[in-house]
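Positions annotated as domain 'Membrane transport protein MMPL' by TrEMBL: 89-418, 686-971. What TrEMBL records for 53-75, 230-249, 255-277, 284-308, 328-350, 362-384, 414-436, 802-819, 825-847, 859-877, 897-920, 932-954 is transmembrane segment.
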Amino acid sequence: MLQKDERTCAAALRRFAVFTAARRFVIALIGILRGRDGSASAGVGRPTVGGLVRRWAPLVVLAWVGLAGAMNLAIPQLERVIADHSREFVPANAASAVTLKKMGADFHESDTNNVVFVLLERPKDPLGDADHRYYSELLAELQRDRSHVQSAMDVWSNPQTAVANQSADGKAAYVMLRLTGEMGTTQAQRSIEAVRAIVSAHPKPLGLNVFVTGPSATAGDEIATADHSMVVLTVVTGVLILLLLLVVYRSLVAAAVPLMTVGIALAVARAVIALLGEHGVIEVSIFASALASAMILGAGTDYAIFFLGRYQEGRRAGRAYLDAYHNAFRSVAPVILASALTIAAACACMRTSQLGLLRTSGMACAIGMLVGGAAALTLTPALVEICRHLGFLEPRPTRSPLRWRRIGASVARWPIPIATACLALLLVCAAALPSIRISYNERAMQPDDTASNLGYQAADRHFPKNRMSPDFLLISADHDLRDASDLTAVEQVSASVARIADVSAVQSITRPLGTRLEQGSVLYQAGYIGNRLDLSSSVIEQRLDDLSSLTGGLQQLIGGLDAMSRQVDAGGAGLRGLSAGMGDLRTQTQQMQQLASTVTETVGPARPFVDGNPNCGNDPACSTARQLFDSLDAVGQLSTALDQLSAGTDLTSGAISSLGQGIPAMENSIAQMRTMASAMIATVRLLVPQLRDITAYLQDIGRDTTAMGSGPFHLPQQALSDPRFQTAMKLLISGDGRTARVIVYGENESFSGQGIDRSRAILAAAKAAIKDTSLQGSSVSVGGVGATMADIQVIADHDFRLLMIIVLILVFLIVLIVLRSLVAAVAVLGTVLLSYVSALGVGVLIWQHLLGQPLHWAVPPLTFIALVAVGADYNLLFTSRFKEEAGGGLATGLIRAFAGTGGVVTTAGIVFGITMFALVTSSNANIMQIGSIIGIGLLLDTLVVRTFLLPAVAMRLGQWFWWPLRGLRVQQ
């Protein structure tokens with residue numbers, strides 16, 4: 001029980017100690033912000049932050065060095081963490097990303113939006129059999145890598161569809177791959193690298209070029225290019241800062257103090273960012289690393305210059321070391337802390353962005369600024385203390401304060417003319433801003449020789465533009481689309497999209513090769529019927545002569561029937577006489593038969609003897625008797641034959657009589673037939689010219705439809721079973737038949753503003769086309785490069801507006817806390833905004849109008865945050881000093897503020913500006929634009945706004961500049 005109580009008390013004591021330490025830290029921060037860090041020698045009872053740092057200076061330096069070394073040894077390098085934890089390029093819930101993932105799911109191809117193309121090219125000769133074999137082997141090897149390649153849209157392997165993915169000159173062909181990982185993420189990058197590794201390792205035929213390109217490859221190359229230039233950026237920045245500090249201080253030790261501060265701060269900040277990124281606390285990217293490094297180097301150097309400059313100012317004024325040290329800390333610490341918090345808060349606001357480039361940059365830059373601020377408040381004073389003990393850092397005589405006093409006097413004397421001139425200059429700088437065009441072309445942001453750009457260039461040599469960056473239109477219905485009416489509706493959508501001015505080709509189930517199925521056109525079918533009618537018309541004309549011959553033959557037949565009728569009449573009379581003669585003959589024969597019967601009965605008993613006598617032939621009497629018996633038998637047979645002949649003669653006589661009576665009826669029927677045939681010939685002769693006209697009209701319709709590709713569309717149901725159509729169906733209609741894929745190729749660059757407009761026009765045209773069709777109510781969406789850039793445009797605009805509001809509020813509140821004057825805070829913020837607008841205008845003039853490269857979409861928000869936050873710091877430092885010196889009068893205070901801060905702030909501004917200008921050495925145009933515009937803005941703010949405009953405004957407003965601050969007595 002006692003041990004439990006002891007543990008409880010110990011835990012309570014630890015919590016109390018943590019609470020006390022946190023309370024003291026917050027009090028110290030508030031005290032620093034309010035400038036209450038006094039000197040121990042001045043009679044302050046408890047040690048101050050500055051006093052503690054000075055007292056433990058060696059330990060402070062060792063702590064920072066040890067922390068930097070230990071963290072960099074224990075924690076993976078930031079580049080490694082970025083490579084392992086990169087986030088998606090666009091939000092997963094963006095419409096374009098959702099469309100691509102839905103397309104992959106419906107067609108059982110992929111569950112990501114990671115799309116690349118493998119392009120085969122022969123610069124001089126058409127692709128041959130060896131290239132086909134290489135393609136088949138390469139595709140099989142790629143499909144075996146299931147951890148990186150999810151599916152391939154293979155069209156070129158099938159001779160029936162190969163033309164769809166082969167160039168017109170036969171020198172290039174491609175296949176679309178769906179890879180693992182969302183575009184821009186670590187997994188996506190690894191998948192692209194795996195595909196390129198397979199392509200590089202697979203032996204290819206001599207003279208064949210193979211490229212891996214497409215939207216995801218573009219994003220991956222942009223990241224890789226920025227990564228490769230990081231070392232160069234850091235080295236160039238460090239060298240430029242060193243050279244400038246040597247020029248300003250003319251002392252290697254004095255130049256080394258800021259460099260050591262920012263170097264150690266950068267090492268610690270990178271380790272902290274890597275640690276948090278490794279554990280998923282914050283998101284990281286290579287752009288975040290570049291910007292955070294530049295911000296730490298620039299701002300950290302500025303903070304060291306602020307402290308070192310104020311310290312040397314005190315020493316020049318004759319102050320003792322301790323007095324100069326504590327006066328510098330007391331005066332500069334609030335500004336440094338406010339500046340670090342301002343920049344950190346402004347950067348942290350980017351965490352609210354939906355875009356990976358902005359979101360990942362925010363927290364990394366914020367952490368870097370906090371570490372840089374902490375180093376400036378502890379490490380820089382400690383280094384100054386150590387150098388002081390070694391006899392360094394004593395200021396050299398300079399005439400700089402005198403020059404700045406003269407500038408201050410001029411501003412105090414002529415505030416309105418100077419303010420007017422400054423405003424005119426800044427407005428001239430901003431004159432090009434209304435013509436700004438924002439670029440979403442990620443291709444143009446990287447060098448022309450990146451792997452993806454080389455692939456685009458190869459494709460453009462053989463295919464129409466944008467073959468590697470199409471838009472995908474997805475039509476999803478609640479029923480099976482594989483019937484004639486739905487396919488007609490799909491064609492209606494395809495035709496509507498094809499009519500968009502910026503669309504060059506459309507592939508769909510009704511246009512599998514990019515043009516509409518000719519056989520599916522109703523007008524083509526009419527032309528086909530016309531061609532068949534043309535053949536029939538020729539046959540009919542040929543048969544008209546035969547019909548004319550038939551009518552002549554019928555007339556001859558009628559004449560023959562007349563002759564036959566007469567002959568039949570004559571034959572009938574002869575037959576009737578013959579029948580009578582036959583009757584007489586038959587009577588006589590019957591009498592003869594009766595006589596023969598009588599004789600037979602008489603001699604009949606002797607017949608067996610005659611027939612049975614073997615020697616009857618040798619016996620004359622027997623032979624005579626046998627002949628008699630045979631004659632008697634013949635008389636019987638003759639009678640039977642005469643009976644049959646008589647009956648036949650009677651029948652023939654009756655038939656001839658009937659024939660004679662039927663011939664006139666036959667003559668009448670044949671005459672009617674001849675009349676009808678003649679009438680039919682006359683009618684057909686009248687119809688043939690009309691049939692020719694109809695045939696010509698239908699053939700003209702067919703020819704016009706072939707030329708214009710227009711007209712009604714109908715695909716017969718039996719066409720769906722055609723093997724060629726079935727092949728296209730697998731690629732363009734989902735397995736369940738409910739989703740149709742339409743691939744759209746544009747005229748203008750897909751990554752450009754025209755590509756964005758085209759994607760929106762495609763969506764609008766498709767939605768309008770399905771109205772009043774069997775697809776009405778179906779879901780329609782667009783994915784691909786243009787749609788992705790359209791999503792980025794909408795999100796970036798929304799995020800920029802939100803960031804502007806949040807950053808302005810935060811910066812205003814921090815400046816207000818430090819200055820405790822509403823008017824002064826508004827003036828500081830207003831002049832900073834003016835310098836931002838002017839710098840952006842100069843950037844538009846240089847990049848857009850002179851270099852022909854519109855500003856990247858990330859440039860305005862990132863430069864806004866940097867210029868507003870950093871520019872506010874410079875103005876804040878001057879205004880704080882002005883406030884400190886204002887007790888002696890506005891003019892006097894202004895002149896003293898110029899003398900005290902002019903050289904320091906100018907040096908700091910130029911150093912930070914040069915740090916930003918060092919980004920121009922990057923290989924990525926967007927980083928170059930960001931660095932140049934921030935550098936221009938810092939120079940404008942340092943040399944124009946802080947030097948002339950803000951002091952002139954303060955002088956013109958007089959006492960009102962400090963409203964509603966109480967307790968400040970300003971002599972007029």
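Using the three backbone atoms N, Cα and C, a Cβ is placed for every residue, glycine included.
Automatic prediction, not curation, is the source of TrEMBL annotations.
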Task: Stretch of maximal Cβ-Cβ contact with the transmembrane segment (284-308) [cut-off: under 8 Å; candidates 414-436, 897-920, 932-954] - done: 897-920
TODO: For the transmembrane segment (802-819), could you work out the same-chain residues 6 or more beyond its ends whose Cβ comes under 8 Å from its Cβ atoms?
DONE: 33, 334-335, 338, 341-342, 345-346, 349-350, 352-353, 358, 825-826, 828-829, 832, 861, 864-865, 868-869, 872, 876, 879-880, 883, 965
Open item on the list: Please compute the mean pLDDT of the model over the domain 'Membrane transport protein MMPL' (686-971).
Closed with: 84
TODO: Mind checking which residues of the chain, 6+ beyond the ends of the transmembrane segment (825-847), have their Cβ under 8 Å from one of its Cβ atoms?
DONE: 423, 426-427, 429-433, 435-436, 808, 811-812, 815-816, 819, 853-855, 859-860, 863-864, 867-868, 871-872, 875-876, 879, 929, 932-934, 936-937, 940-941, 944-946, 949-950, 953-954, 957, 961
